[in-house]
Amino acid sequence: MFTITELSNERINSIVTEALAFANGKSAKIEGEVFCSNLFFEDSTRTKTSFDIAERKLGLQVVPFDASNSSVNKGESLYDTVKTIESLGVNLVVIRDKKDRYFDELNDIKIPIINGGDGTGNHPSQCMLDLMTIYQEFGKFEGLKIGIVGDVKHSRVANSNAEALRRLGAKVYFSGPEQWFDEGALINGTYLSVDEMIKDVDVLMLLRIQHERHDAKMSFSASEYHRKYGLTKEREKAMKKEAIIMHPAPINRGVEIDDDLVECERSRVFKQMQNGVFARMAILKEALEKEGYTFK
Amino acid sequence: MFTITELSNERINSIVTEALAFANGKSAKIEGEVFCSNLFFEDSTRTKTSFDIAERKLGLQVVPFDASNSSVNKGESLYDTVKTIESLGVNLVVIRDKKDRYFDELNDIKIPIINGGDGTGNHPSQCMLDLMTIYQEFGKFEGLKIGIVGDVKHSRVANSNAEALRRLGAKVYFSGPEQWFDEGALINGTYLSVDEMIKDVDVLMLLRIQHERHDAKMSFSASEYHRKYGLTKEREKAMKKEAIIMHPAPINRGVEIDDDLVECERSRVFKQMQNGVFARMAILKEALEKEGYTFK
Amino acid sequence: MFTITELSNERINSIVTEALAFANGKSAKIEGEVFCSNLFFEDSTRTKTSFDIAERKLGLQVVPFDASNSSVNKGESLYDTVKTIESLGVNLVVIRDKKDRYFDELNDIKIPIINGGDGTGNHPSQCMLDLMTIYQEFGKFEGLKIGIVGDVKHSRVANSNAEALRRLGAKVYFSGPEQWFDEGALINGTYLSVDEMIKDVDVLMLLRIQHERHDAKMSFSASEYHRKYGLTKEREKAMKKEAIIMHPAPINRGVEIDDDLVECERSRVFKQMQNGVFARMAILKEALEKEGYTFK
């Protein structure tokens with residue numbers, strides 16, 4: 001699985017359903033001895049650990065791979081590295097790489113590849129866990145109002161989510177510093193001010209401020225961002241009774257969201273992490289079943 | 001388990017007894033699928049590997065965690081990182097951190113936390129393995145004479161050991177460069193010169209010289225330290241017949257102890273490492289049983 | 001196992017036979033709980049991962065070891081580090097180190113040590129997988145003509161292979177830049193020009209150009225090397241019908257070998273990686289059986 005775009009609504013629904021089954025206690029163990037490896041060429045402890053646990057829960061053997069010491073750093077191509085891992089007998093890989101659509105050069109790899117995030121493009125497993133968290137709450141996507149606040153244009157998560165949610169019948173709104181929005185960022189939703197958006201949405205998705213990306217063009221401080229676009233205590237009070245708050249983490253406390261709200265009643269931030277393992281189990285299981293592996 | 005201070009004598013005795021049972025061949029495997037992770041934000045291959053093996057011997061699934069790539073380095077708080085690991089479904093964590101009493105900010109974490117060492121404060125699993133090694137040798141603590149040589153003030157190990165041994169009825173003596181001792185360092189024992197101490201003690205615990213900490217104030221060279229305070233071949237001959245030598249390792253050979261004595265008959269240096277796995281098994285098992293997990 | 005020199009022809013044949021059995025689907029699982037660890041003080045993801053998978057396939061528990069954080073970097077001797085790992089209860093170690101014949105200082109270690117490569121000296125597991133790949137193809141060593149192209153003098157692989165193949169009855173030829181060859185490099189074979197060699201050999205072994213080692217003395221560019229000594233499309237056409245191409249990887253595509261030939265019909269490059277796991281299984285099993293461990 002590389003992108004959300006390639007997934008039909010049916011397939012999304014099927015993965016969400018399986019993920020919810022895992023969340024509700026279903027277990028599945030692969031039959032036989034199956035090896036997988038997580039090739040993370042960009043740091044992401046959270047996503048890597050989530051995949052690692054999902055793989056172990058499915059009974060896979062996880063072969064460690066240290067990207068920082070790999071031959072890729074000595075100039076070997078990604079293709080040759082993955083082909084090597086495949087030759088060594090690994091049966092499935094999860095890959096995260098800084099390069100957009102890195103998977104386009106991996107067509108000749110025969111084992112399943114799960115996209116753990118590519119550049120600023122796609123992050124389908126994060127998207128699936130977000131969808132699952134929303135469905136778990138509301139039992140549907142159709143007709144929901146979703147607000148996404150932050151740098152939509154540079155966010156893997158926001159792009160995938162907005163596209164999938166729109167296709168599944170939800171209405172998507174965006175907010176954040178206006179200079180971050182152009183036509184490209186508004187394909188799947190409409191721009192609103194934070195205060196207009198907040199009182200109307202069922203789901204408020206806050207994106208992480210990528211200090212590392214914006215240092216140059218960010219014309220405002222962290223506290224200014226919080227005051228203008230962040231979820232303050234006042235704004236939280238304006239939200240609808242059943243509305244929930246989501247954030248892909250790691251959170252900049254006091255920037256995207258008030259410190260005290262991170263674990264408030266309507267926050268699903270840590271629930272998302274919990275769901276991430278179940279969503280990834282569903283994604284891995286689907287990929288392995290397609291290859292003929294069976295589970296008991 | 002965070003500190004030795006919090007452990008009653010009864011609990012210490014119970015853990016030592018269980019650790020000795022493991023050393024004598026007892027095995028225990030946890031029932032069900034239980035995940036743990038070792039979050040070492042300060043390097044310590046020895047302690048980390050010891051916990052890792054203890055965990056595997058108990059049948060736990062060890063989820064790798066690479067602190068150097070974690071979000072903690074991107075400014076995430078320790079609390080948020082540990083809360084994330086908990087949310088991902090990890091059932092127990094071992095933590096080592098440079099910060100004294102890092103665990104004070106982790107009160108809201110629900111899964112058991114084992115202290116793998118904090119700052120210069122506590123290192124309870126090292127203490128338990130030292131106590132176990134002494135008990136294994138003498139069958140008691142009461143009335144034993146223990147000599148500790150080195151920078152007691154800055155040593156996690158020395159502080160915990162001295163406190164526990166005193167409480168368990170042993171008599172503790174300290175030695176080393178006098179400028180390293182002040183009132184704070186002498187709460188649990190009495191200062192003696194190395195040569196006075198050495199002929200009288202049942203257990204001689206040598207501490208590692210922390211070159212990194214003393215470079216500035218160390219007014220003597222490594223060979224000078226060895227001559228004045230180290231265990232030379234001459235001093236070893238002055239020891240009582242049944243007395244043993246201990247060292248937490250890694251050893252500076254020829255500094256704290258003569259190269260040829262590291263594996264001499266009365267040295268328990270590598271025995272301590274071996275015991276470390278059993279002591280940690282006992283600590284982990286106690287923590288897990290308290291949570292309702294069972295072993296077979 | 002430290003060097004190929006210490007292996008009798010009988011032992012080589014026995015390991016190759018076992019490795020081929022594994023390649024043909026034989027499985028072997030160790031009885032009881034056995035721990036191993038891969039101590040790689042020099043980076044080599046490929047070799048480390050290959051050992052890791054071989055170990056798991058044999059049912060060993062692989063204890064992670066991060067050399068970059070180990071006490072060796074704080075001045076601890078290799079002996080003390082390995083003795084520590086042994087004391088912690090690890091039953092077998094694979095070691096790779098930059099130092100030639102590092103194993104000479106490890107005589108007092110009681111657990112089996114498998115050499116994963118030392119300095120520029122020995123790399124016996126790579127040698128065994130190469131021998132296995134050749135035997136798999138031709139069913140014999142006697143009478144085969146083997147051509148090795150590259151910096152034989154500085155190559156662990158080339159030295160071990162040339163010695164073993166000569167002893168097993170093959171005829172070895174070397175080629176590459178003449179300044180890389182002196183008497184020391186020609187003990188086990190004869191120098192030929194690439195074009196003379198290529199039309200005559202059954203096996204063409206290409207060595208990796210070690211840019212890092214030759215930068216100073218390399219008086220030719222990568223493309224010049226390719227043209228003068230590399231396997232170009234023209235040269236490949238001059239090879240005998242049944243002849244095969246081997247390379248220890250990672251490959252510098254377009255230098256040692258034309259990009260399009262890496263996966264050509266007569267290339268065994270990825271087959272070698274696949275065989276590496278089976279060769280290492282055979283090596284590990286032999287070492288463990290010698291210690292009294294049994295497999296089912």
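Including glycine, each Cβ sits where the backbone N, Cα and C put it.
TrEMBL lists B:ARG46, B:THR47, B:HIS123, B:GLN126, B:ALA249, B:PRO250 as binding carbamoyl phosphate, and of B:ARG11, B:ARG96, B:ARG101, B:ARG227 the one it places in that same site is B:ARG96. Summarising the environment of B:ARG208 (L-aspartate binding site), the number of other Cβ atoms within 10 Å of its Cβ, over all protein chains shown, is 17. Each of the binding-site residues B:THR47, B:ARG96, B:HIS123, B:ARG156, B:ARG208 was checked for a CB under 8 angstroms from a CB of chain C; none meets this. DSSP assigns B:HIS123 (carbamoyl phosphate binding site) to coil in the three-state reduction, outside any helix or strand. Summary of the carbamoyl phosphate site environment: with the site residues B:ARG46, B:THR47, B:ARG96, B:HIS123, B:GLN126, B:ALA249, B:PRO250 set aside, the chain residues having Cβ atoms within 8 Å of the Cβ mean position are B:SER44, B:SER50, B:GLY117, B:PRO248. Take the Cα of B:ARG208 (L-aspartate binding site) and measure to each of the binding-site residues B:THR47, B:ARG96, B:HIS123, B:ALA249: the nearest one is B:ALA249. Note: the CA-CA distance between B:PRO250 (carbamoyl phosphate binding site) and B:ARG156 (L-aspartate binding site) rounds to 14 Å. In this structure, the CA atom of B:ARG46 (carbamoyl phosphate binding site) is 15 Å away from the CA atom of B:ARG156 (L-aspartate binding site). Calculated from their C-alpha atoms, the gap between B:ARG156 (L-aspartate binding site) and B:GLN126 (carbamoyl phosphate binding site) amounts to 9 Å. Counted over every protein chain shown, other Cβ atoms within 10 Å are most numerous around B:GLN126 among the binding-site residues B:THR47, B:GLN126.
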